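Colleague: Would you mind keeping the following structure in view while I ask a few things?
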Amino acid sequence: MDMAFVEVCLRMLLVFVLSWTIFHVNNRKKKKATKLADLATEERKEGGPDVIIVGAGVGGSALAYALAKDGRRVHVIERDMREPVRMMGEFMQPGGRLMLSKLGLQDCLEEIDAQKSTGIRLFKDGKETVACFPVDTNFPYEPSGRFFHNGRFVQRLRQKASSLPNVRLEEGTVRSLIEEKGVVKGVTYKNSSGEETTSFAPLTVVCDGCHSNLRRSLNDNNAEVTAYEIGYISRNCRLEQPDKLHLIMAKPSFAMLYQVSSTDVRCNFELLSKNLPSVSNGEMTSFVRNSIAPQVPLKLRKTFLKGLDEGSHIKITQAKRIPATLSRKKGVIVLGDAFNMRHPVIASGMMVLLSDILILSRLLKPLGNLGDENKVSEVMKSFYALRKPMSATVNTLGNSFWQVLIASTDEAKEAMRQGCFDYLSSGGFRTSGLMALIGGMNPRPLSLFYHLFVISLSSIGQLLSPFPTPLRVWHSLRLLDLSLKMLVPHLKAEGIGQMLSPTNAAAYRKSYMAATVV
C-alpha cells in the first residue's frame with residue numbers, strides 16, 4: 001500500500017514537472033516573440049530598413065540599387081566585402097547588358113577593362129565556324145556582350161549601390177532568419193566585430209548564391225550537380241580574336257577560352273566524373289596537358305598552356321541545376337543562384353538574374369507597405385509568371401545545349417552534336433536566330449523549340465543519308481527520342497502554357513525590352 005502511494009506521488013510529481021516545463025518553455029517563446037516584435041517595431045520607428053538583402057554579389061547589389069532608387073531603405077549584409085575571385089559570371093550577354101541599362105547600372109561595366117564580345121568561335125574535329133550576335137531592329141541595344149573579371153564588376157556594383165544614402169552595406173555573416181508564426185521578420189547575423197546581432201524589415205531577400213545556407217529552409221528545390229568546371233587564367237596574352245568566345249567541342253565535354261581583360265585569358269574545361277584528378281599533387285595539371293590540351297586547336301594551344309606553365313591557380317566549381325520555385329514562407333523572397341540555376345555553358349545566369357530584378361523592382365514599386373503579406377504574395381505570383389519568357393528560354397537552351405556538347409560513342413548523340421555544329425555553321429536565319437536566343441535578344445520559348453526541332457530534323461537527315469537502312473532508321477528514332485527527353489522535362493518544369501504562349505513572350509518584350517520604359 002505504501003509503495004502504491006509512493007508511486008502515485010511520483011507520477012503526480014512527474015506530471016507537475018512536465019506541465020511546469022511545457023508552460024515555462026511556451027512562456028519563454030511568447031516572451032521571445034514579443035521581444036522580437038517589439039525590437040522590430042522599435043527599429044522601424046528609428047528609421048530601420050524596408051528591405052534586408054542577404055548577399056552583395058551581382059544580384060544583391062543590383063537589387064539594392066533598384067529598390068533604393070524607388071525610395072526604399074535597404075540593409076545589405078555581405079559575408080565578405082573583399083573583391084571576389086570567381087570563375088563564373090565573367091560574360092554578360094547582350095540581353096544582360098540591356099537589363100543592366102534598364103536598371104541604370106550600365107556604367108558598372110566601365111573602368112574594369114571589360115572586353116567586347118560579338119559572338120562565338122566554335123571548333124569541332126579540325127573544323128571551325130564563327131557565329132555572331134545578329135543586328136536586330138527589334139533589339140534596342142548594341143548587339144554585343146562583355147567579358148570581364150567578375151570580382152571587378154561586383155565591386156563596381158557595390159560602389160554604385162552604397163553611393164545612395166538609403167543603402168546600408170555591411171559586412172556580416174547571416175546565421176538564420178527570424179520568424180514569427182511562419183512569417184520572416186528579419187535576420188540574425190554576426191557582424192565584422194564578431195558580435196551576434198539582429199536586423200528587422202518587412203521584407204527579406206535571400207540572394208546569397210549557389211552555396212546558400214538559407215535556401216533549404218525556404219524552398220524545396222534541391223541543387224543537382226551536373227558537372228565540374230575547371231579553370232585558370234593565362235596572363236599577359238591576347239587571343240587572335242579577343243571578341244569571340246572560343247568554344248571547343250572536345251571530349252568528354254567542352255573547353256573554352258575567352259578574353260576577360262586586355263591581358264588575361266580565361267581557360268576552362270568541363271569534366272563529368274566526381275573522381276577528379278587532384279590539383280594539390282599535380283595530377284590535374286598533368287591531365288590537362290595530356291588529355292585536354294591536345295584537343296585544343298594549335299592556334300590556341302600556346303595560350304591554353306601558358307597559365308599551366310606559369311603555375312596559375314586552378315579553380316574547380318560545380319555546375320548545378322536548380323528549378324525555380326517560390327518560397328514556402330511569407331516575408332521573404334529568394335533570388336539569383338539560390339533561386340534558379342541552369343548549366344552555365346551559355347553564360348546566361350546574370351542575364352536571368354538582372355531580368356528578375358527588373359521585373360520584381362517594378363512590381364514592388366507601387367506597394368506602400370512591404371509588410372502586407374497578401375499583396376507581396378500576389379506580387380510574387382505575378383513575378384513568377386512574368387519571368388518565364390526569359391528564364392524558361394534560357395533554362396531550356398542552357399541545359400539542352402550542354403547535353404548536346406557532351407561527346408559520345410553513341411551514333412544518335414554524335415549525330416545531334418554534329419548537327420548543332422552544322423546548324424551554327426550554316427549562316428542566315430538559322431545562325432542568327434539561334435544566336436539571338438543564346439544572347440537573350442529574343443527570349444521566346446516557341447522560337448527555341450523551332451530551332452531545336454530543325455536541328456533534330458537536320459541531324460536525322462544526315463543519319464539517313466545517302467539512303468535509309470533499318471539501322472539508320474533506328475538511330476534516327478533514338479535521336480528523336482533524345483530530343484524529346486531534352487525538351488519534355490522543361491515543358492513540365494516551366495509549365496506548358498507559359499512555354500508555348502506567344503502572348504507572354506510579346507508582353508515581356510514590350511514591358512522589359514522596349515527602347516523606352518513602358
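Yeah, the Cβs are placed from backbone N, Cα and C, and that goes for glycine too.
From Swiss-Prot, for reference:
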- 3-23: transmembrane segment (TRANSMEM)
- 48-68: transmembrane segment (TRANSMEM)
- VAL58, GLY59, GLU78, ARG79, ARG86, PHE91, ARG158, VAL174, ASP337, MET350: FAD binding site (BINDING)
- 448-468: transmembrane segment (TRANSMEM)
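Any idea what these are sitting next to in the structure?
Modeller: Residues of the same chain lying 6 or more positions beyond the ends of the transmembrane segment (48-68) and with a Cβ under 8 Å from any Cβ of it are 40, 74-79, 81, 84, 89, 100, 103-105, 150, 153-154, 157-158, 160-161, 164, 166-169, 174, 186-187, 199-209, 214, 335-338, 350, 353-354, 356-358, 360-361, 364, 370.
The local packing around VAL58 (FAD binding site), expressed as other Cβ atoms within 10 Å of its Cβ over all shown chains, amounts to 30.
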Colleague: Who are the long-range neighbours of the transmembrane segment (448-468) in its own chain, taking Cβ under 8 Å and residues 6 or more past its ends?
Modeller: 393, 396-397, 400, 411-412, 415-416, 418-420, 422-423, 430, 433-434, 437, 475-476, 479-480, 483, 486-487, 499
Colleague: For the FAD binding residues given in the record (VAL58, GLY59, GLU78, ARG79, ARG86, PHE91, ARG158, VAL174, ASP337, MET350), what is the largest pairwise C-alpha separation in angstrom?
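Modeller: Per the listed residues, the maximum Cα distance equals 29 Å.
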Colleague: According to DSSP, does VAL58 (FAD binding site) fall in a helix, a strand, or coil?
Modeller: helix
Colleague: Within 10 Å of each Cβ, count the other Cβ atoms, then let me know which of the binding-site residues GLU78, ASP337 comes out lowest.
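Modeller: Checked GLU78, ASP337; of these binding-site residues, fewest Cβ neighbours within 10 Å: GLU78.
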Colleague: Quick check on the binding-site residues ARG86, ARG158: which one has the highest count of other Cβ atoms within 10 Å of its Cβ?
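Modeller: Output for this query is ARG158.
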